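Feature list (source: TrEMBL):
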SIGNAL    1-21  signal peptide
DOMAIN    43-142  domain 'R-spondin Fu-CRD'
DOMAIN    148-203  domain 'Spondin-like TSP1'
REGION    201-275  region 'Disordered'
COMPBIAS  213-223  compositional bias 'Basic residues'
COMPBIAS  224-237  compositional bias 'Basic and acidic residues'
COMPBIAS  245-255  compositional bias 'Basic and acidic residues'
Amino acid sequence: MHLRLIPWFFIVLNFMEYIGSQNAARGRRQRRMHPNVSQGCQGGCATCSDYNGCLSCKPRLFFVLERIGMKQIGVCLSSCPSGYYGTRYPDINKCTKCKADCDTCFNKNFCTKCKSGFYLHLGKCLDSCPEGLEANNHTMECISIVHCEAGEWSPWSPCTKKGKTCGFKRGTETRVREIIQHPSAKGNVCPPTTETRKCTVQRKKCPKGERGKKGRERKRKKLNKEESKEAIPDNKGLEPSSDTPEQRENKDKQQQKKRKVQEKPQKSVSVSTVP
């Protein structure tokens, strides 16, 4: 009889019988290997043993062997633990251990994080990074070498000398630039960000209010000199005095007494006349 003539429910029925026979065969194999197989298991186990733990897992759970001392116990987990990667098969989903130098992995050939002392590069864990790359001790990865990048120079500043922009002939001018990209450990170091050069300006007097510190000091000295000249009495035509300092002091005291007597108001005397 042609296949298209067979009703669909017979096909479905035969398929279900096939699946049941496969499960029964797997159960018989497990019972032969583990005589203490129990069906009343906990923790996601489909079948289990009192000695070895889980022997098979419920659908979509991953089977993994955990070592406890010298003994290995099977457990069923929703996802594989760190250091393992999961693989799904038609009859079982299991967790497989990553390579020895790999801390976490996607599969046996692609690591996502390396153990201490190794650097990650393209899914592999290396003792040292390839040429043209450098090790990043923070992320433990091999990264590209980054060189320093500096921006454009600014215009030159006005020519100055000791903070002034006038009253001199030769001074200095400065320009600056910013760092756009800082280098990595093996990258080229950054160049200077400041430049200074000598400059010459036409000599000119500073406008009022822009005199420097030295200019103000010169002006103050000039004023003090003029005041000291005015304070010195003109002794031209006078004979030099030969008195001693004590004699001059006595004379000054006598002159002061005379001035006080002269400054006292004289009493007015009224004279009355008898008619």
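Backbone N, Cα and C atoms are what each Cβ position is placed from, and that goes for glycine too.
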Across the domain 'Spondin-like TSP1' (148-203), DSSP labelling yields 0 helix, 22 strand, 34 coil
Within the domain 'R-spondin Fu-CRD' (43-142) only, compute the mean pLDDT. 90
The DSSP breakdown of the compositional bias 'Basic and acidic residues' (245-255) into helix, strand and coil residues is 11 helix, 0 strand, 0 coil
Let's see if you can do this one: DSSP helix, strand and coil counts over the domain 'R-spondin Fu-CRD' (43-142), in that order. 0 helix, 57 strand, 43 coil
For the compositional bias 'Basic and acidic residues' (245-255), could you work out the same-chain residues 6 or more beyond its ends whose Cβ comes under 8 Å from its Cβ atoms? none
